[in-house]
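Residues annotated as active site in TrEMBL: Cys321, His380, Asp403. The Ca(2+) binding site annotation in TrEMBL covers Asn443, Asp445, Glu492, Glu497. Look at TrEMBL and you will find 313-406 tagged as domain 'Transglutaminase-like'. Residues or ranges marked as region 'Disordered' by TrEMBL: 1-31.
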Amino acid sequence: MSEATNTNEKKKPPLNGRRALPPNNSNDEENEVPEMEAFGLIPRGFNPKDYLCVVDIHMFKEPHEMNKQQHHTDKYYSPKLIVRRGQPFQIQIDFNRPYKPETDQFWLEYLIGRYPQQNKGTYIPILLGDVLKPGEWGAKITHTENNSIHLSIMSSATCIIGKFRLYVAVSTPFGILRTRRNSATDTYILFNPWCQQDAVYLDDEKEREEYVLNDVGIVFHGNINDIKLRSWSYGQFEENILDACLFLMDKAELELSGRGNPIKICRVAAAVINARDDNGVVAGSWDNTYTYGVAPSAWTGSVDILLEYYSSKQPVRYGQCWVFAGVFNTFLRCLGIPARLVTNYSSAHDNNANLRLDFFLDDEGKLDTKLTKDSVWNYHCWNEAWMTRPDLPVGFGGWQVVDGTPQETSDGMYRCGPASVQAIKHGHVCFQFDAPFVYAEVNSDIFYSRREKNGTQVIEKIDTSHIGQLIVTKEIGGDGMMEITEEYKFQEGSEEERLALETAVMYGIKKQTTQDTMYQPQTDVDMDFQVQKAVLGSDFKVTITFRNKSHNYYTATTYLSGNIVFYTGVTKNEFKKHSFSAKLEPSSSSAFDVVIKSSEYLSDLLDQASFHFFVTARINETGKILATQKATVLEIPTLRIKTQGEMVAGKQMSVTVEFTNPLKQTLENVTLRLEGPGVLRTMKKEFRQIPTNSTLIWEVKSIPKRPGLRKLIASLNCDALRHVYGELNVQIQKP
């Protein structure tokens, strides 16, 4: 005992004149609970064995037993009891003799953290009662047999989420006798979307199965004209993931008493998911150099990232928006908060939140990259979490936007949300948190302006429909796409949309007017262009079409700029410049082709094979400028996954991954990853070289743990080629 006290002396935190107890913000730390708490002097002949004594406690914590079955926690790969709050669970206590209710008195104690206090909900004594009140702490005896009693215990529907320690206390005339600290009786308590009194209650069973219990999902990426999808393994039930998620709240130093509130949890988690300003989970990198780390496109799921962070306590390198969103989704679903990953196509990153993205052109109509600070992301992923919002007026509960990608600071930290989707749709951006930023991401207008020689700014074009054209998430119970644009905005051009915008402006969103600048759009000539769909490594063409609606004969000096861009819309470099003069006959349309050769783009290609074309044309007769832009993504080859032999839980099976190199160059230092929750732990393999047109075959043996429909996900990664994925649904049979 003396050793233990010494170590405790060392760990005592510095006292602070403002609070009687240090902050209780770690689920991991414990206090020492005395086994004998004497009321005064203990008489000589006192023997604890003479009184009611606890011999054993049965937690019924196996996946097939009633607790985990009734609480939908049977999938968690953990030997401890895991229950959801506001719903009863059962335990059995064995005493040294039959329990006599008339004379024996005992109670249960649940404790969490280092400084448990009853008024903070971190020390919970539970006395026996006759009835269980829904949603309040209580316990009652359901039946007695020999020396054993069965108890039904109800937890509060607002209880703290985390890992509690359980003690049984017996009252004797001379003091309180407690059971010894036993980690086998630790109880995890999670959010409960099945319980009407819980703030995260969701009433549809199909939705609960998808948004809480599904451990794989789909990330939609690419761009609005070419939607691509890939699977992501959330793995919220895998070994140690629950502990890793609880550790994130310790890392964010969220006071334990606040951990029953999903709003607070989402707010601190949005900051701790990214490494900016708090050494959080994932370090972002958007510059295409991923030395000393894993390229964002190589990850196939959240498990490796969370486990690495949990053991190293250092940010895991590297992530981009879908990685932050994938890890965040795992965290939310693991704790029991319904969550989904959402993609917004053509997402505005508006540096000064004025609802307009400014693209500046120079005299010739080319984009001025020095002046242009705003960018349009081809797509941006964030999360929605489901909860009530008692801190806002009625009607703003339900889906809330939370975003862990570091874009802008909020209350001094890189995070975003929770912001009510309903409030964003109706323009009520005054309601916390960060609604104006999300409103701008889905509603900004693009202004193309040009500065004349005399300094006046001329707006050449305003594009009101380019931003937030499509917002999607995975459909319930399938791998398809579900459009949710209507949840965020009214129909483009409708009266309601106008009203929502006026409301947003009233609540302080800056909306610059066009009165202080000249704006006379060109109306008698339309210009548009189409990019041919192409596979990585092949040539393709861009077709520019003009429609001259006037009776005049025009010539247009046309300039096409092809840029290799990050998916965030930020340019790496211009790989194609092409100017030509177009003759436009009156009342007719004409088309012009520009060929893009693979040799022009291959050497500079970035990991999402993303191009951004910018076409400007000056009508020489009127001096008016037409401008339009489009992003396009190349088709990237896929991996093929096959299985051989029978697939039965507990028996060895074989999985092969195949890939053929389509490029005109040898691929070097190639990494393959393969994972499948419940089927195999993540496996990695390095290949030194894959020559042109040759096929790589990798065979893996594994023993699937769980029967049912599972998904295998693979990725291939090297400097010349990224975002190569493959997946396969497999049906694992019962043994």
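Cβ coordinates come from backbone N, Cα and C, glycine included.
Geometry remark: Glu497 (Ca(2+) binding site) versus His380 (active site), CA distance 22 Å. Among the active-site residues listed (Cys321, His380, Asp403), His380 has its Cα nearest to the Cα of Asp445 (Ca(2+) binding site). Counting Cβ atoms from all protein chains shown, Asp445 (Ca(2+) binding site) has 19 others lying within 10 Å of its own Cβ.
A simple way to gauge crowding: the CB of Asn443 (Ca(2+) binding site) has 22 other CB atoms within 10 angstroms, across all the protein chains here.
Each residue contributes its Cα atom, and for Glu492 (Ca(2+) binding site) and Asp403 (active site) those atoms are 25 Å apart.
Of the listed recorded positions Asp403, Glu492, Glu497, the Cβ environment within 10 Å is emptiest of other Cβ atoms at Glu492. The recorded positions recorded for this entry are Cys321, Asp403, Asn443, and the Cα of Cys321 lies nearest to that of His380 (active site). Taking the Cβ of Cys321 (active site) as reference, residues of its chain lying under 8 Å away and at least six apart in sequence are, in sequence order, Trp377, Tyr379, His380, Cys381, Trp382, Thr405.
In this view, His380 (active site) is surrounded by 29 other Cβ atoms within 10 Å of its Cβ, with every protein chain counted. Within 8 Å of the centroid defined by the CB atoms of Asn443, Asp445, Glu492, Glu497, the record's Ca(2+) site, lie the Cβ atoms of Thr464, Ser465, Ile467, Gly468, Lys489, Gly493, Leu501, excluding the listed residues themselves. Taking the C-alpha positions, the distance from Asp403 (active site) to Asn443 (Ca(2+) binding site) comes to 17 Å.
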